[in-house]
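Feature annotations, courtesy of TrEMBL:
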TRANSMEM  29-49  transmembrane segment
ACT_SITE  E211  active site, proton donor
ACT_SITE  D344  active site
DISULFID  C407-C439  disulfide bond
ACT_SITE  E453  active site, proton donor
ACT_SITE  E478  active site
BINDING   T564  Ca(2+) binding site
Amino acid sequence: MPVATLLPFTATPNRKSASPTSFRLTEKFILLLVFSAFITLCFGAIFFLPDSSKLLSGVFFHSSAVETNTRTSPDSSDSGSAANDERILAKIRKDHEKALPAIAQNRPQRPTHYRPGWGDDCILSFIAYRPYMMKHAWDSYRRYAWGSNELRPVSKQGHSSNLFGSIKGATIVDALDTLYIMEMFEEFDAATDWVEKNLDFNVNAEVSVFEVNIRFVGGLLSAYYLSGKEVFRRKAVELGERLLPAFKTPTGIPWALLNLKSGIGRNWPWASGGSSILAEYGTLHLEFIHLSKLSGNPEFAQKVMNIRKVLNRLDKPQGLYPNYLNPNSGQWGQHHVSVGGLGDSFYEYLLKAWLMSDKTDEEGKKMYYDALQAIETNLMRKSTSGLTYIAEWKGGLLEHKMGHLTCFAGGMIALGADGAPNEKTGHQMEVAAEIARTCHESYTRTALKLGPEAFRFDGGVEAIATRQNEKYFILRPEVIETYMYMWRFTHDPKYREWGWEAVQALEQHCKVEGGYSGVRDVYAATPNHDDVQQSFYLAETLKYLYLLFSDDDHLPFDHWVFNTEAHPLPLIKKDKTDRPSKVE
Ligand code: DMJ
């Protein structure tokens, strides 16, 4: 915090102003003494109050990164040889030039029309295949909230959460690739025009590094790879560069929050011991590797590779990754482990980093399968009636609760099953199918046939929310995401049937005249709308639904991985003539 803001700003009323000339010598001496005492106190406070290193590093980290034993910042370890940097740069440029034609060839083709044979109900495919849900969501946003981050569909006005600071247009950027994939080209062009003219990252405001990365950087990267329009590449790289100061911590583990103008970062005040969050600093990898590819700047890739170095040096309780890690000390905070909120997409990105590298990133692969094994041993349980769930782990004790967010794990495990070590492919596919079934149960056991934010397996209940503050549904995608992966890998029609059930529930209970809204209680007979159309509804929920009812060759998995916000990124194909690259 600038010192100026610590000083009183307004003058105290009713005090006579005293000119220095009106003081006598003794008064001047007393004043001098008081002033010296004040200065000593200020400096003393900085150096002697507890945890002053945190204060210093938070305030002054631009110039004085605190050295600790855990310091692994690439600034120090990788700056040794300029020649080496030059070689890496040249390699990146070469890779990028080679990658572009391959990406152009593999842009999704216009989707083929409905092919019967996968289910019984033509209406099902007809309704879900056509992007009419997207049209209603988009048209409503365009009509009532154009340029705002999100739409309030009931009160028909704009809405913004503080996750994006004063950046605008989250829904536009999050929706770009969905519009493109659904061939809504007039809408895509309007969105592109808005990005060109209005998307501005030069804002003096604090943003969530994670949210801005997955939605804005991810959205822009996908829009670039799909459409080839330069503006998206340029904006993605510009935003990536603005996020780099977040990594200026003693360990290189980034802050959760960053002021995009001043480059000053900090962590969420609620996070254990000033920690950064696993699912936040662990969900930058895919985008940052692509930013290096697209900019020719190795720094992005180095920053995220360094995160792994820090993690790999730490002891992991039972092989698990706690959700909290202090960026100053490089030590874990509370030993809480979750495959839902605070942990989820870290695991997803380990697997997808390996897949995106065309299976050359052996480190990511090992970290993923080791972590999954630890999760299976310590967190995965079966209920009395045989429902598999993933609980939360708190210092060795299990909380038998599973979040809606955790339901993405069915899709993740299915996606990784093929590469599973020790002939576990079949086993992992079974686990994925069981998680999909459990999450489907969490939907069917509600009045509105939409899933609660979290459901429990204790006190005689199974897959049901018992606490009022866990009964809401905010248009989240994770369950449909899992159906989509399970459909692609098994072609079992039940996944399309379950997707269709979700479509009906969304249409019946979330659709309002001004868009789609979340609901406050999925167990209530009639919906009480929360009046928010989340940007991820357009980026993820509707895209995964669309893909669930599309042919498998529409964005095929052997060419694309989806970032955690469902933005497709192309695989970086290995070049058989090249030696392994240091950057990857
Ligand atoms: C999305 O922004 C992303 O999927 C993120 O990883 C988790 N939460 C939301 C959707 O629920």
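Glycine residues also receive a Cβ, built from the backbone N, Cα and C atoms like all the rest.
Predicted, not measured: the structure shown is a model, and the values here were computed from it.
The structure, with features from TrEMBL marked on it.
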residue	record	DSSP (3 states)
E211	active site, proton donor	helix
D344	active site	helix
C407	disulfide bond	helix
C439	disulfide bond	helix
E453	active site, proton donor	coil
E478	active site	helix
T564	Ca(2+) binding site	coil
Candidate with sparsest Cβ neighbourhood (10 Å radius) among E453, E478, the listed active-site residues: E453
Recorded positions near ligand 1 among E211, C407, C439, E453, T564 (Cβ under 6 Å): T564
Distance check against C407 (disulfide bond) for the recorded positions E211, E478, T564, keeping those with Cα within 10 Å: E478
Between D344 (active site) and E453 (active site, proton donor): CA-CA distance (Å): 14
Cβ packing number for C439 (disulfide bond), 10 Å threshold: 28
Minimum Cα separation from E211 (active site, proton donor), reported as the residue among recorded positions D344, C439, E478, T564 that achieves it: T564
Rounded distance in angstrom between the Cα atoms of T564 (Ca(2+) binding site) and D344 (active site): 9
Alpha-carbon spacing, C439 (disulfide bond) to D344 (active site), which is rounded to whole Å: 16
Neighbour-count leader, CB within 10 A, recorded positions: E211, D344, C407: C407
Length of the line joining the Cα atoms of D344 (active site) and E478 (active site), in Å: 11
All-chain count of other Cβ atoms within 10 Å of the residue listed as 'Ca(2+) binding site': 25
